[in-house]
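Undergrad: Take a look at what TrEMBL says about it:
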| type | residues | note |
| --- | --- | --- |
| DOMAIN | B:72-260 | domain 'ABC transmembrane type-1' |
| TRANSMEM | B:12-38 | transmembrane segment |
| TRANSMEM | B:76-98 | transmembrane segment |
| TRANSMEM | B:110-134 | transmembrane segment |
| TRANSMEM | B:140-156 | transmembrane segment |
| TRANSMEM | B:188-209 | transmembrane segment |
| TRANSMEM | B:240-260 | transmembrane segment |
Amino acid sequence: MLAPAPSGAVIAQPLTLDGITHSYGAGLAVDNVTLEVKGGELVALLGPSGCGKTTLLRIVAGFIEQSNGKVIIGDRSIDTLPPNRREIGIVFQNYALFPHLTVAQNIAYGLAARGESREIQLERVREMLATVQMQAFAERKPRQLSGGQQQRVALARALAMRPRILLLDEPFAALDKNLRLDMQIEIKRLQRQFALTAIMVTHDQDEAMAIADRIAVMNSGRIEQLGTPVEVYDQPASLFVNSFIGSSNLLPATISGKVEGGYAVALANGAAWQVMSPARFAAGQSVIVSVRPEQMLLADEASPARFPVMLKLSLPIGGEMIHDVTAVDGASLKIAMPRRPGMVASTTASAFCGLGEHARPVLFPLSPS
Amino acid sequence: MQRSTFSDVTYAWAIGLLAGLGVLILIGPVLIVIATSFTTSQTLRFPPPELSLRWYRDLFDPVRSAQIHSAALNSVWVAGTATIIGAVMSVLAALAITRVARPSARILEASFLSPLILPTLSYGLAALMFFSVIGIRPSLNLLIAGHLVVIAPFIFRTTLASLTQLDPALLEASANLGASRFFGFRRITLPLIAPGIAAGCFLAFISSMDNVPVSLFLSNARTGMLPIRMWGMMESTLDVRIAAIAGVLILATLILMIVMDRLTGLTKRISG
């Protein structure tokens, strides 16, 4: 490690959102959200624009006063504190670096505001510059820095205040794709090093999957599902979560009977599958079966668990071959299979489509009651 | 080598001619008045028969030009004071108006800007009548008040423009880092809007310096203002010192403008 961890025993504080509700005029922006972020945990608020994730972040920061509910750090409610007394660090979406101040002055700003001595400011600036590996840039102005460098400064500025909580607002949106991974690793490293409890707001599921310990998928002001990236991906709680996280094929089907741990389903396209599901369905009920593209396969031989498809297009994308196929009922599906080296687009026009070996299809009721 | 066609040549000529005409109209009078100010002759005649510094010597003579000096001092004092008061008022007003989203703020904004479009002559007359009705006699302070109304909108407008360009996230970042509102204003808002304020002050000062309509109505013999005095000299004696005053004013403005541009990028702000 390049910089020593902050001295003294640092214990990460849990952050609790207790029944937060907020409305703008007539619309509910945040609808009774309860979320417990454990000490040292990074939770991503993931959702489309307008789902209330940014409003929630601004409520935690103190920029918006919620209509109802409590924000608690440790065991203390912070709702009565103004933004400048909350001791929460924020990395703003476009970093919000002070354009007329140098990197060093930006980092020292909070300490100066707090009235710390010049020695302490210098010392902390030096430490933070080392932490984000920006020692050579202390006297630069923000506009002379690249996007990644600006983000490092924004992190250093926030961490210089030794915050208890770190909020990240779309931290990677303004970065080039190949820079993102570096910064994701960097943020994860700093979050561990400083024992920070963190909330990240993002609309990008890859970002959330990459660095969050848990993901809260939000939709119209509510948390639809809270879980680890793997849980959210493999066991989406709703059709919305299912479609928002990754891509999937949705196949209409009917429940034909119960089996151990799940159901036998008859797909509309003729195939019969057994799908594990903890949910409760009645025989004959119409359902949607969702399968991830990489959990399906194409085969030459027919079987009761496979249905015939017409191959429209095959694209070699990196290590995968993406097939675009049409089932007999006209449904369009995507199938991703590992590409053997040298394999090019398939020449056969028709094939049989089935589940891969470790496939975990998910059942959803057709019309949620 | 590319051959230029007939239309290229005519285009270049037409544009060149128009540009030349523009420059002539803009710069010509300035050059003529400056040239005239160096004349040896007793009259404001162009071209000057011979060049000398005679009229500048006359202009700076403390005895013979005492009235001009006092008028100039009055003008600078009124312009300076009105600009400083106007700056404080305008910055406060702009800060409040950018913070409030209510329709009342838009109405206030329009009314603060209205002196820019109000005919200044009407305002001068109205101010004179108003002040005599409430029984205030003409004085330098009254002139300052009168000029303030007319010039403050310049500062208000440029300050408002700088404030609306200010990223609100910067102040949120400031608060988030533990800074009080006042600390954030001093360290973030003020430095970032300072060029806008300075540009407005420059415009306001200049506009007060050569304001005729308000001064015409609100000044009297004891509170002579430079433009009024110049006009009086022009009417009565065709004194060549007027040209010398014009020369000094042009030079002063030029110096002020270069200094301001160095400090704040003024030209960008006025045209923006």
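Glycine residues also receive a Cβ, built from the backbone N, Cα and C atoms like all the rest.
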Undergrad: Give me the stretch from B:76-98, B:110-134, B:188-209 with the greatest number of Cβ pairs under 8 Å to the transmembrane segment (B:140-156).
TA: B:76-98
Undergrad: Are there 3 or more C-beta pairs under 8 Å linking the transmembrane segment (B:12-38) with the transmembrane segment (B:188-209), counting only pairs at least 6 apart in sequence?
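TA: By the criterion, they do not touch.
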Undergrad: So which residues does the transmembrane segment (B:76-98) touch in its own chain, when a touch means Cβ under 8 Å and the partner is 6 or more beyond its ends?
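TA: Distant Cβ neighbours of the transmembrane segment (B:76-98) are 105, 108-109, 112, 140, 143-144, 147-148, 151-156, 159-160, 163-164, 189, 193, 197, 200-201, 204-205, 208-209, 225.
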Undergrad: Excluding the flanking five residues on each side, which residues at least 6 beyond the ends of the transmembrane segment (B:12-38) place their CB within less than 8 Å of a CB in that stretch?
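TA: The answer is 4, 44-48, 51-53, 55-56, 240, 243-244, 246-247, 250.
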